[in-house]
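The next block holds one structure in the form of structure tokens; read it before the comments.
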Amino acid sequence: MLFPKRLIVWGVLLILSLSQFVLYLPATTCTNSKGLRLCAPQFTITVIGGSSTANEFIASVREFLRLISYLTIDMGWSNEFTDPSVYEDENLVDTFQPDKVFELNYFGFCKRSNKSKVYCTSNENYGMDVLEVLVRDVGIQLGNISTTRSNETKKFGDSLVLTYRLALTSIRDFLKHDKHTGNALSKALIGSPDPNVKGASPTKNYLKGVNLAFILMMFNGMVFYFAVLEIIVGFLSICVVSAFGGALSVGKRHRLFPILLKSSSSILVVIATLTILCNIVYLIALKTLEPEEVTDVGSDNAAVHTTGWELLKVNVGSGFIMGLARYAIQWVLLVLAFLAANHYKAKPKKSDKYTEDTSNSPSPDLMEK
């Protein structure tokens, strides 16, 4: 009768460990355009604009991308670009158009337009940094415009992301050092603030935007490695549960395997908690880039912008919901793992207790003295 009970306990632990690991599969989607384009994103974002600074920035970027698209077509490597229709707006870089939706995941992202996926690609080890996703999309589209060789589009995206990271670091250092010189160079490049206009100066707004982009870049790199580590520990948890079941089939009481079971389950929950918290923090950070809706259009009270860079519409994806379900299963697995480990751990033998008691009791010689 004891063996079937042990088998049932091990079966429940194994089902839970396999279930939580299977729920990691959505986290690895959004990386491949070939075949069936599966994507269960953590977040979906759309560039829509909001504050005056963000609208000016988006308009400038759109015009710049239009110019770059024209230059890329004119300097293209293919003779196929002879039709004047290639200069129409729908054939140019459309990253910052409001009808384009980007589905972000840990290892890649998908671009969607009118509910149909345009493409999916891996995002290397940069995680879900929304700005790097936009930059990579620009590079991929430039690659599609400039050459017919499909393997070049990935290189365009990689090189443009690397350029963005280097430029962001340089601009951040430039604006920080320029503060000590009275923002002389910044005023020459951006312009002096209008004394009649209330609010932060353009220099401060751009520095705030650059600092926010830099923080997002570093933060998402950390979240990416948390996600990788969590998947590895989740797989090791299956191995430990399987070994624990093999040990239970041999005997009821064990010393090592209960300790391994409790340790692996605890480490998994700790890392999963860090990942969930990071995702929640990132969601809150993205929400600060979302313009507030003005309920009364005719009201004199305008929406209060928290950063001056409100330009995104952010939604939670199906992958985020599955991550919460996986996290709940991991907590159930942790509780059952501790109960099973404490129940089937080896108890001290009577001989061990006798040895301990005799070692702690005083000797007869000492009693006589």
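Just so you know, glycine gets a Cβ as well, placed from its N, Cα and C.
The feature topological domain 'Cytoplasmic' is assigned by Swiss-Prot to 1-6 (among others), with sequence analysis given as support.
Sequence annotations record features per position, and here Swiss-Prot assigns transmembrane segment to 7-27 (among others).
Swiss-Prot lists 28-220 (among others) with the feature topological domain 'Lumenal', giving sequence analysis as the kind of evidence.
If you look up Swiss-Prot, you'll see 221-241 (among others) marked as transmembrane segment, on the strength of sequence analysis.
For the topological domain 'Cytoplasmic' (242-265), the DSSP counts in helix, strand and coil order read 19 helix, 1 strand, 4 coil. For 242-265 (among others), the entry in Swiss-Prot reads topological domain 'Cytoplasmic', with the evidence type sequence analysis.
Among the features that Swiss-Prot reports, transmembrane segment is placed at 266-286 (among others), with the record citing sequence analysis. Remote same-chain residues near the transmembrane segment (266-286) are listed as 42-43, 45, 128, 130, 216, 219-220, 222-223, 226-227, 229-230, 233-234, 237, 312, 314, 316, 320, 323-324, 326-327, 330-331, 333-334 (criterion: CB distance under 8 Å, separation of at least six residues from the stretch ends).
Sequence annotations record features per position, and here Swiss-Prot assigns topological domain 'Lumenal' to 287-319 (among others) based on sequence analysis.
Taking Cβ pairs closer than 8 Å, the transmembrane segment (320-340) reaches residues 9-10, 12-13, 16-17, 19-20, 23-24, 26-27, 40-43, 237, 241, 244, 258, 261-262, 264-266, 268-269, 272-273, 275-276, 279, 283 in its own chain, all 6 or more past its ends. Sequence annotations record features per position, and here Swiss-Prot assigns transmembrane segment to 320-340 (among others) based on sequence analysis.
Summarising the annotation, Swiss-Prot assigns topological domain 'Cytoplasmic' to 341-369 (among others).
Summarising the annotation, Swiss-Prot assigns region 'Disordered' to 348-369.
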For the topological domain 'Cytoplasmic' (242-265), distant same-chain residues with Cβ under 8 A (at least six beyond the ends): 2-3, 6-7, 9-11, 13-14, 233, 236, 330, 333-334, 337-338, 340-342, 344-347
